[in-house]
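Everything on this sheet refers to the single structure shown next.
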Amino acid sequence: MGKESQLRPKANVSSYIHFFLNYRNKFKEQQPNTYLGFKEFSRKCSEKWRSISKNEKAKYEALAKLDKARYQEEMMNYIGKKKKRRKKKDPQAPRRPPSSYLIFSQDHYAQLKKENPGWSIVQVAKAMGKMWSTTTDVDKQPYEQRAAVLRSKYFEDVNTYRQQHRGRKRNFRLSARNQRSGRTEPNKRVDPV
């Protein structure tokens, strides 16, 4: 059978969160039949947090420090999947082309914003989506053609980029190998006399 999967340790929480959880439990004990929404309760809790003394806050800060130490210790013993960092994109790599909808949006955004200067970006985007959905297929055709042209150019650029990238990678490996062996010119052997 496979390895037993180990659960990731529970993350540590701040002193305010410790206070919040404690305050919630006390509130439920004192007033079991009353219901407050999260927004109301968190507002009440933050007011209470601001009003408590430094000595009381020190208790929760000590709890937070203990919790942080516990988390760090558990993470040291944790054997499992670590979060992978995303690779940074090469700034020289070609950018993906816009879709037909994005081309349509670029053409109509200024006009729509000019007609409705008080609208937020979200409102303009919603209106743009409605405009696109009500546009007929015949009217969408020029945007789809422009997108297809840009897409084909993108694929060509990607192919040339990959070829250049392979060449750079190969040259880098060759130069590193030559430096290790003491050669100055790539692929030239020195024959003993």
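Keep in mind that glycine also has a Cβ here, set from the backbone N, Cα and C atoms.
The DNA-binding region annotation in TrEMBL covers 9-79 (among others). Note on the DNA-binding region (9-79): its mean pLDDT in the predicted model is 89.
As annotated by TrEMBL, DNA-binding region applies to 94-162 (among others).
Annotation source TrEMBL lists compositional bias 'Basic residues' at 80-89 (among others).
Under the heading compositional bias 'Basic residues', TrEMBL lists 163-172 (among others).
According to TrEMBL, the compositional bias 'Basic and acidic residues' annotation covers 182-193.
The domain 'HMG box' feature in TrEMBL is assigned to 9-79 (among others).
The feature domain 'HMG box' is assigned by TrEMBL to 94-162 (among others).
The residues of the region 'Disordered' (78-100), classed with DSSP into helix (H, G, I), strand (E, B) and coil, number 1 helix, 0 strand, 22 coil. What TrEMBL lists as region 'Disordered' is 78-100 (among others).
As annotated by TrEMBL, region 'Disordered' applies to 161-193 (among others).
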